[in-house]
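Peer 1: Okay, so TrEMBL annotates it like this:
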| type | residues | note |
| --- | --- | --- |
| TRANSMEM | 48-68 | transmembrane segment |
| TRANSMEM | 77-96 | transmembrane segment |
| TRANSMEM | 116-139 | transmembrane segment |
| TRANSMEM | 151-170 | transmembrane segment |
| TRANSMEM | 190-211 | transmembrane segment |
| TRANSMEM | 331-351 | transmembrane segment |
| TRANSMEM | 371-391 | transmembrane segment |
| TRANSMEM | 411-432 | transmembrane segment |
| TRANSMEM | 444-464 | transmembrane segment |
Amino acid sequence: MIFTTVEFAVFFLVVLSLSWFFRGLPGFYKLFLLEANAVFYISFDARFLPLILLVGLVNWGAGYLIALSNSMVRKKLLLFAAIVLSLAPLVFFKYTEFFATSILPLLWHGDLVSHLPLMDLLFPIGISFFTFQGMSYAIDVYRDRERLVKNPLDILLFVSFFPTVLSGPIMRAHVFVPQLSRPVYSTRSFQLGFALILSGLFKKIVIASYLSEHIVRQVFQVPGDYSSASVLAAIYGYSVQIFCDFSGYSDLAIGVALLLGYTIPLNFNRPYIATDLQEFWHRWHISLSTWLRDYLYIPLGGNKYGTLSKYINIMITMTLGGLWHGAHMRFLLWGMLHGLGLVITHAIKDLRRHFRKPGAVEAKPNPLMKVFLWLLTFHFVSFTWVFFEAADTERAFEIFRAVFTDQQGKGFGLLVIPAIAVGLLLNFFGPWLQKTYLDVQRRLPLLLQVLVIALICIIILRMGPEGMLPFIYFQF
């Protein structure tokens with residue numbers, strides 16, 4: 001039941017209708033919502049539903065015992081056990097084959113891999129997201145940043161919430177759990193929810209799907225058949241595709257949650273306006289970047305132990321962040337490149353601070369310099385995205401060679417550049433467009449508002465392709 005399907009629309013209308021019926025009965029409502037979460041996840045693969053429940057119960061139990069314990073040693077042991085039990089399925093399903101085929105050959109000479117009983121493991125969809133979300137609760141209880149949640153049902157709902165379970169945003173318990181007892185239903189939240197749903201549908205169905213179908217997939221599969229200009233257009237196209245695909249999913253998740261009465265934190269904030277990598281990561285996949293900061297970078301020491309330590313911690317965090325996306329060398333390279341880029345960004349800022357006169361105010365870059373920094377950041381991000389879409393590192397480097405060798409070959413369709421331009425305009429002016437739409441929508445009578453939403457939905461669906469690929473981040 002992908003968000004863009006008729007099956008999900010029917011499922012959600014049933015859930016929304018019944019949630020209104022049960023909202024005066026909190027106990028029944030929570031059980032109903034948990035059942036809805038289960039039905040949604042079962043529609044993808046029923047075999048791994050117990051895994052979500054296990055992650056939820058392990059972290060609830062650890063949090064409960066940590067909160068009751070007076071021994072710091074016992075608290076640390078409980079937290080360690082919760083982290084190990086939570087990460088074990090993630091490591092097993094996601095990294096077993098990668099370790100056996102990519103890491104062991106580097107450590108062990110000889111034909112060891114051919115003798116290993118490797119399994120073609122099924123991948124539990126959403127495991128990276130619900131694992132990180134569940135772990136955050138136990139860690140925050142240990143740090144005294146989270147109140148004890150006495151009812152395990154609340155943590156199970158938090159971990160399995162169907163709008164976010166597959167691809168986030170990654171929530172924190174203190175943001176979501178209190179809302180379970182008092183969902184907020186209002187006209188404004190409904191209007192914003194539908195606006196976000198329309199935004200997500202347009203981004204995914206019209207822009208991301210078009211770019212994937214008409215340039216990105218073909219070029220990334222056989223870059224040698226296309227001209228250098230086409231390959232470059234495919235790189236730009238994928239930058240826009242992954243933005244519209246993933247931010248579109250986040251818009252849909254946040255919009256669906258709003259209609260159910262829950263507020264989910266923002267996950268994207270115009271990432272492609274960034275003029276350096278540090279700013280980019282403050283705007284892109286915000287829930288993951290803040291998770292990595294709070295639960296990996298800061299525990300490693302952050303910037304507390306000096307400049308060199310800070311740079312090392314950045315590299316470790318981004319390298320592991322790359323591997324979080326997938327057990328492939330291309331994701332490892334992507335994470336390391338972003339880590340290196342962030343280290344260089346921090347080093348330049350540190351040097352500026354070092355040589356700045358005491359009391360002097362840092363001069364703002366002039367408009368031309370800002371444009372240059374924006375172009376530099378956008379192109380760094382775009383070219384590193386190649387590792388995301390390419391089948392392997394060899395294909396990625398083949399794509400890079402095609403761009404820089406004046407290669408001759410096939411061209412691309414006339415609508416590719418307009419689609420890229422529209423996607424970038426959504427990045428630059430998305431909040432303004434949303435505000436403008438809501439200002440107009442709120443002036444209309446209720447019946448006309450409903451008709452406008454229905455009409456826009458029909459237009460978006462008619463503009464989309466016949467068959468649609470799943471959201472990109474489902475694979476993570």
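Just so you know, glycine gets a Cβ as well, placed from its N, Cα and C.
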Peer 1: Applying the under-8 angstroms CB criterion, which one of 48-68, 190-211, 444-464 scores highest with the transmembrane segment (411-432)?
Peer 2: 190-211
Peer 1: Taking contact to mean three or more C-beta pairs under 8 angstroms, with sequence separation of 6 or more, is the transmembrane segment (77-96) in contact with the transmembrane segment (48-68)?
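Peer 2: In this chain the transmembrane segment (77-96) contacts the transmembrane segment (48-68) - 3 or more Cβ pairs sit under 8 Å.
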Peer 1: So which of 151-170, 190-211, 331-351, 371-391 has the most C-beta pairs under 8 Å when paired with the transmembrane segment (444-464)?
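Peer 2: Of the candidates 151-170, 190-211, 331-351, 371-391, 190-211 scores highest.
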Peer 1: Same-chain Cβ contacts of the transmembrane segment (190-211) under 8 Å, 6 or more residues past its ends?
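Peer 2: Long-range Cβ neighbours of the transmembrane segment (190-211): 3-4, 237-238, 240-242, 244-245, 247-259, 415-416, 419-420, 422-423, 426, 430, 434, 437-438, 441-442, 449, 453, 456-457, 460-461, 463-465, 468-469, 471.
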Peer 1: Please report, as numbers and ranges, the same-chain residues at least 6 past the borders of the transmembrane segment (331-351) whose CB is under 8 Å from any CB of it.
Peer 2: 276-278, 281, 307, 310-311, 314-323, 325, 380, 384, 387-388, 393, 396
